[in-house]
Each structure stands twice: as structure tokens, then as C-alpha cells.
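Notes to accompany the following structure.
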Amino acid sequence: LSLSLSLSLQKPNNMTTIRSSISPLPLKNLVCPSKPSSIFFNSTHTQLSIHSQIMNSTSKSECTTVYQVPGLSSDEMDRIAEQTFQRYSYSSSSMPKRSGKGIAIVWFRNDLRVLDNEALFRAWVSSEAVLPVYFVDPRLFGTTHYFGFPKTGALRAQFLIDCLADLKKNLMNRGLNLLIQHGKPEAILPSLAKAFGAHTVYAHKETCSEELKVETLVTSALHRLVLPSSTGLSTYPSSTNSTKLQLIWGSTMYHVDDLPFNSSCLPDVYTQFRKSVESKSTIRGCIKIPISFGPPPNIGDWGCVPAVDQLGLHQEKVTKGMRFTGGESAALSRVYEHFWKKDLLRIYKETRNGMLGPDYSTKFSPWLASGSLSPRFIYEEVKRYEKERQSNDSTYWVLFELIWRDYFRFLSIKYGNSLFHRDGPRKVESTWRQDQILFESWIDGHTGYPLIDANMKELSTTGFMSNRGRQIVCSFLVRDMGIDWRMGAEWFEACLLDYDPCSNYGNWTYGAGVGNDPREDRYFSIPKQAQTYDPEGEYVAYWLPELEALPKYKRNFPGKSYIQQIVPLKFGNTKKNGSKDVSLAARQTNSGRKQTEGHKR
């Protein structure tokens, strides 16, 4: 195992003295504990907070096992992160020449990492000093477009806080800092650029309309700014006395410029896309980092990471299920833990459809969504694992899933806002209900179907749900309840730690039959899914402790021992051609309902 837990620092040169002379900073010292006046003072109690309180009000006798992800101490995570940075650092002899002048700004968005961050690296190369900044934008804590759910729930807000604290710490350990500003980027960036005479603002490019609108507003605001000629602007990338916004692609495993087709010609079927990029494109290597990014600009108050209550939200603690630690250090540690320490990569394909516990899948998605983890780093770790241990279907399947993530990102470029419209990218006209009572039974986990209810309780309690669970609850909402898929997508937007618009809405349009799925009537049979993926009812008993005393075979089919089913299933049988369910309750619920044409899973 090449990633040893013992930390060995190289002897620093003059540029790294400040970095190596201090120990890693504890996260608690970087977060403001008090509640000052906030730009979110108008925030009110939200529907998400109400439902989260419902989900967390469990009986004292209930099992309250909490799985920390990653399951490592903070000291271990710091050591693993530092060793990874060392592996990806330039040596003094290979360090690229820093030829730029003046100050460059790095505008952190959904790229909260140091490793493989091209925006940060290019800002460092093109300047004498780098100013990293993150904006706590009030729009991130507004409401969703159609149904008014909170855009960011308390659990994801806490994960974001972890990410920012860890980013600030890692930057400080490498000679920089992170300026935290409350407000909109387009309102604050021009004044920062003017105050420091910054020649360029570097940022990673996004693809969806809300984020693109902010990019346009920032570009316009910077365009109106004229810097004095005495600011010592760099000749890179422009010699004009204005600040440029330089947007850089860095969110996918395959770079957008390396695709074998224009994004407007992207294949409408995933398999065609995957085969094309695998045969015709290559994956770029991770961007290395200098030993030090310093020196930083002279700033008196860098600001500190906000606490949850400063964002207009109520603190929520995960008391059951998985509790994720945010930040790049935790992300790199999770890769180490899953691939190398527990050696779970070799069996990923066999376990990936599990639902209970931290080890059935990689759990990388929250860090990928926040940009704390680079997909190209995962690719390089998979290849290293294949070289040092073994290559099999499981090692490939992790990359297969990352290509899915790429695909949804590129689809958002091709289809734009149709990804968020009722009829989806394919403009499929359907009749959807917006029944509030049915929908609330779904989000509360009170549908009468244990597999649905357990998954929804896990989502509200932890901010996470397995991939299998997401497909099942989506199918139930849109196929069995007939509820508008956008209601489900926006609820996921509010709750998920790993929310990103491309993957979330791409998957929901896919599941609702209005997206890029060649089988538009895809259906997940609850009885069949329960028998296949929770045959002894361990998952439902964990989240619904009232079922634990039942015989294992009845936990997913409890009949009158559980709450009444709110709707009958569209397809009640576990197999085609009318074969019987093992559950009498399921048969009674669906008696008299004739099975129609459709794809069942």
C-alpha cells in the first residue's frame, strides 16, 4: 500500500517555511460560532425543517446506530490528505515558472478543493499573488422554482460549511487563505477586483441556467470596471486595464473539449455516448499543485465560515444512519478507505445495489457534487488500484458510473432549461397530479409501503439515499401515485447532500419517462425490489423499528401490522404473466387490477 498513514514532509524551501512550520489547523477554529446580523435575516421556518423534525422524532427504543463516513478520525483524514497532496505536488526541480504579475482572484463555486483545480493553478501561474474567495450567495438559500421548497436544507448546509472550513484550512496550510463574503458575486467581485487591481477572475464554468445567469452578471459587472493603469496588471491573459472573467471547465471526468462530438450533437442514448467516449476520447491527468500557493494578498479580515443558524436554518444532527463529513480531506480519505483500507473496490459491482450501511457503495457523490473531489482523481486511483491489486468488472463499474455523471452534465448543455420543464427534454405530454396529501405521505414516509417509507425517512434524516432507493421512490411517485415528477425532483434538491442540478434532474426526467431513456415506461415493482434487495427486511426494520419484531419475510409485506397503503400499486405482481407475490397483503391491495404493458424491474 503506497499511501502510508505515516506522514513524511519534504524539507521546505524558502517559499514553504510558513506552511511547514505550523500544524494542521483544527476545523472548529475556522467556523464562527456566534450569530451576527445576517443577509438571511428574512428567512422563516421552512417546510423542510418541519418534515425533518417529524423524521427525527423517533422512539427511545429505536436503534440509533450512526455510521460516520468516512469512518476515520480527523487526524487520520488530515494525514491522508497531506500525503495525497504530496504525491500530486511539483518537486522544486519540476516547478513551473510563475511568470505573471499582479493579483488574480479565484472565485470558488462548486469546486471546493485544492487538488486538480485548474482555476486555482492558473491563477497562481499568472500572478504574483492569489486571492481565493467564496460567496455565501443568498440565492442558494432561497426556494425552489415551482413548489417553493428550500433550495438548500440544513443537512446540506452543514456539509457545505464543512467543505468551506476544510478548504480554508488546506489553503492556509499551503500559504494562502479563503476570503468569505456574504452576498452576490456580481455585486462584490468588481469592488474586490478594483481594490486589489486584479487582472483576472478565474472560476470553473457551470452549465445550468441559474449558474449561467450569475456568470453573465459577473461578466457584465467586470466589463464596466476600469482599473487604474498603475495597478501593475499582468500581460497574461490580456494587457487591457480591465478585469477579465476566465471560465475553466473542470467538473467532469472527460473534458468537454475532448468529446468526439459537439455538445449539440450529443447522443440521446447513454450507451452510445459511453461507447463513443471510451473509444475516441482520453481522460486528462490531474492538475498538480505547487508546494506553496503563497504569498497571499494583504487582507486584514478574511472572514470565517458561517454557522448553520447564520444561514437562516436550524441546526440538525444526524442521530441515525450515515453522517457524512464534508471537505476535501474527508473526500480523499473516503477514497483511501473504500479502495485501499477496506479493499471494497474489487466487489463494488456486486454490492452497489445495497441500501444499508456505509460500505455497499463508494458514497463519493456528496463530495463530487460540492467539487471537493475530482472525478479525474477517482479515475487515477482506480487505475492505480488495477495496477497494484486487480482489475475486474467492479473496478470498471466505478468508471461506468462516473461516465453517467458526465453524460448528465453534457446533456444539460444540449437541452438547457427543458431539463426542468414538465414535459422534459423529449417534450412528452403527460397528465400529472399535484395532490398535496399524497405527496406529503411520500415525503414523510407514510405511504404504507415499508420500502418506500424507509428510504424517505433515510433521506430526511441523513440527506442521503442509495441509488437503488432513489429509483424505487421515483418510480412509486410518478408511476403508482401519478404525482408530478418535478415535485419529487425539487424535494430531492432540498434534501440531498449530493444535489447537483444535472444529475438530479437528469435522473428524475429519466425515471419519469420524459428524459433520455429508451424505455419511457420503466417501472420498479416494489414487491420484486423488496424481495431482491432487502429479502430479510433488515433495511426496512432499521428505519421502521415497529417492523423489527415481525418475521423477516413479513417485514416488507406486513399487511395490517403496518399503516394502510395510500394507493394501490400499478403492477402488483413480482413477475410478468401474473405469477403471485409472496405477500398476501400485496395481493389484496392489488386485487382486481389488471397488469398492463410496461417494463418492470
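Just so it is clear, glycine is given a Cβ too, placed from its N, Cα and C backbone atoms.
Here is what TrEMBL records for this protein:
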BINDING   TYR348, 361-365, 401-408, 498-500  FAD binding site
DOMAIN    102-243  domain 'Photolyase/cryptochrome alpha/beta'
REGION    573-601  region 'Disordered'
SITE      TRP432  site 'Electron transfer via tryptophanyl radical'
SITE      TRP485  site 'Electron transfer via tryptophanyl radical'
SITE      TRP508  site 'Electron transfer via tryptophanyl radical'
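The recorded positions listed here are TYR348, TRP404, TRP485, TRP508; among them, TRP508 has the most other Cβ atoms within 10 Å of its own Cβ. Across the domain 'Photolyase/cryptochrome alpha/beta' (102-243), DSSP helix (H, G, I), strand (E, B) and coil residues number 61 helix, 25 strand, 56 coil. A 10 Å cutoff on Cβ-Cβ distances gives TRP432 (site 'Electron transfer via tryptophanyl radical') a total of 17 other Cβ atoms nearby, all chains included. It is 37 Å from the Cα atom of TYR348 (FAD binding site) to that of TRP432 (site 'Electron transfer via tryptophanyl radical'). The C-beta environment of GLU401 (FAD binding site), restricted to residues of the same chain at least 6 apart in sequence and closer than 8 Å, consists of ARG352. Around the Cβ of LYS363 (FAD binding site), the number of neighbouring Cβ atoms within 10 Å comes to 21. In this model, the domain 'Photolyase/cryptochrome alpha/beta' (102-243) carries an average pLDDT of 93. Of TRP432, TRP485, TRP508, all annotated as recorded sites, the residue with the shortest Cα distance to LYS363 (FAD binding site) is TRP508. The shortest Cα-Cα distance from TRP432 (site 'Electron transfer via tryptophanyl radical') to any of the binding-site residues (TRP404, TYR407, TYR499) is found for TYR499. A gap of 12 Å separates the Cα atoms of TYR499 (FAD binding site) and TRP508 (site 'Electron transfer via tryptophanyl radical'). Here TYR407 (FAD binding site) comes close to TYR270, PHE273, ARG274, GLY506: these same-chain residues lie at least six apart in sequence, with C-beta atoms under 8 angstroms from its C-beta. With respect to their backbone Cα atoms, TRP404 (FAD binding site) and TRP508 (site 'Electron transfer via tryptophanyl radical') stand 14 Å from each other. For the pair TRP508 (site 'Electron transfer via tryptophanyl radical') and TRP485 (site 'Electron transfer via tryptophanyl radical'), the Cα-Cα distance reads 7 Å.
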